[in-house]
Amino acid sequence: LNIEDQNLLLAAAYVSDAQYNRNVPFETSPRAIRLYYFYNHWTMQVAIYFFICVDLSLALFEEPALFPLPFLATSLAEVLCLTAFFGRLVHFAKVTPQMVFWKDMKNICIMVTIVLTLIDLIIYGSLEAVNVHSVRWSRALRPVFLINFPESRQIRRTFRSIRNTLPDILYVFLLFMFSVLIFSLMALKLFGDRGLKTVEGLPYFTNILDIVFELYVLVTTANSPDVMMPAYNFNWWYCLYFITYTIINTYIFMSVFLAVVYNNYRKHLKNEIRKLAYLKRHKMIEAFNILKVKVGTEFVVTEAQWRRLAKVVAPHISSPHLELLLRISDEGQKGHVDKVSFLRLADLLNIQVVTINIRRHPLEDWMPQVYRSSASLLVQRMVRHRIFVWVYDVIILINAIFIALDERNPFISYAEWLFLSLYIIEILLKLYTYEPRAYFGRRQFWNCLASVLPCGFPWAASRFYPRFRVIVTTLINIGPTILTFGGLVLVVYYVFAIIGMEAFHGKVRFSDPNFTSPDALVCGNPALKDSAFARDRYCKNNFNDLASSFIVLMELTVVNQWLTHSLGPGFPVTWTSANALYLFLFPSIFIAFILEAFFVAYSLEKSEVETAIEKKIQELGVGIQEEEMQDGMLVDNVDAKDSGFSGDDGDNKRKDLKGLYFRIASKKYRTVDALLQQMFESEIAPEEEGPSLDEILNFSPGDLYPKNPNFENSA
């Protein structure tokens, strides 16, 4: 490659990093850049996630196993996964400066985990060869690979948020525990010497540790009112103690706890998003400085270079789409793009512009006289009219009422066939009115749902009141980012499941409920004789395989009666109480994220970039408004015509494009990160250079650079 091509590839790498919010310092040599492109290729990312999934799933096949496999098979699979992880790490080392690579704790964690796993495999395999059973302790380290590879930056960010939030909420948690201890001492003095008994016949509130645990569980209301009943039966006035405790600790303390978590989570989230925004701008400035040339008194990027850059970053972009973006970047059609406009390129490429083509109904081609007749046009006008939608909204609501009635009634049973016929008529009428391929297009979610589930109440509500659809769409928007917390839950559950399997497997065994042998009645453990755990036949709650372990952990997370009366006797209470902080902290962090994401996604208007694109689309006369779509009259991405823009007036432009039009895609393609980043970027002046890279990486939540009132008050 010549110097110009090398510079183009380097600039494209910076723009691509800005587009996908990657913060990977890489070498700028031609060889390193090519390796960096290969490193970020989607096939490489899919491959690494595949091996991570295989590595985590090995616990299903290792003793204690749900589907047992020989140790040789699972160990070979694990060695293959470790080889893939090591290869990915070596690839990363080839594109990253050595000093940066060895200072990055993620890389150190991966290397140490690989070495420890290999050592554990060798020791365990050697002992198994001489029939000596040992513990596979390295299995609990497998989530390290999921967390520390660069592709998992969302999960790492969530971990950082929890880690950074812990010191801030520690004081509230300690104050809460102090309150529980005070009430525990009061309970010991009030009830300890009165000879009260629990339902099981055990002493009531005579041991301070048992009292603390019972009152801790009461905060979740899991053991209410059972824990109160012995005292309440003895004296009516004792209920005031439990009512006071519940008000103070469940309602007041938990509300304060959530408020503190939300406030601190939001503070650290702002700092993360601020870093992302400035890192993206820093990358775009680097790209501009590589490609800039001087025209007159200012530095710009030529139109030809801009086109080549956009094609390298987004190779599948169509020529009409590219021309549209160029018209936005080069507003005055000067033949070059200035710095302010160039810095928006990553955002322009992130906005999904749908290329659409108006199609005529097939019946209009096959039977033009019939389809354009007066009767046919009347039917089409009726179907397009708002009253048609209202009528079917009423039908759907009536159907929902009939569903709730007794289906054994013959009238109700026959009515279902009537409603089904009405839905089929609606679909047929819409297929007659609207172009069929557009009606069932890949973006016509509500139409497809109506065809499959015509009596669904949520669908009816979304039609009946459009604001409901906004809420549903907002929930869909934040859905992909919520999956980040799914990854975090997987990591926590996996580690605890492995520890539980090593510590407790075989101590509780499940037998068929029909078995009445003494061993089956005590869940295979004589220590559980006469316990609520064995009496209630909770023997399937065990750590004998990965699936059972996950179910037990879910029950512990819920903290209901299984914990207080069933799981407690089956497993050590000290182990379950170790989850106390997690049970409070993680749900609070999750709720804080949902609140922040919903506030932003529900209230934020279009970005400046989206507005610029829509404005240019309309100026060129090639725009289609959302209300013009008419339930799918248009279909997107029908054919990617490579014709450019030409002509002076709107009619000529439409004629030259031969039916090709544009619109902004649905907002469901926005991520919460993008929305928050967009909110912060609106506070940065277009001409602002921003801080240096070192300053960006060292941002802290206490910094006020820059002051950002809109972000602070967004909720």
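Numbering starts at 1 and runs along the chain as displayed.
Glycine is no exception: its Cβ is also placed from the backbone N, Cα and C atoms.
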Match it up for me: which of 506-535, 686-715 does TrEMBL list as region 'Disordered'?
686-715
Short question: most Cβ pairs under 8 Å with the transmembrane segment (42-61), which of 67-87, 108-127, 169-192, 411-432, 481-501?
67-87
Which listed range (67-87, 169-192, 242-265, 411-432, 481-501) shows the maximal number of Cβ pairs under 8 Å with respect to the transmembrane segment (387-405)?
411-432
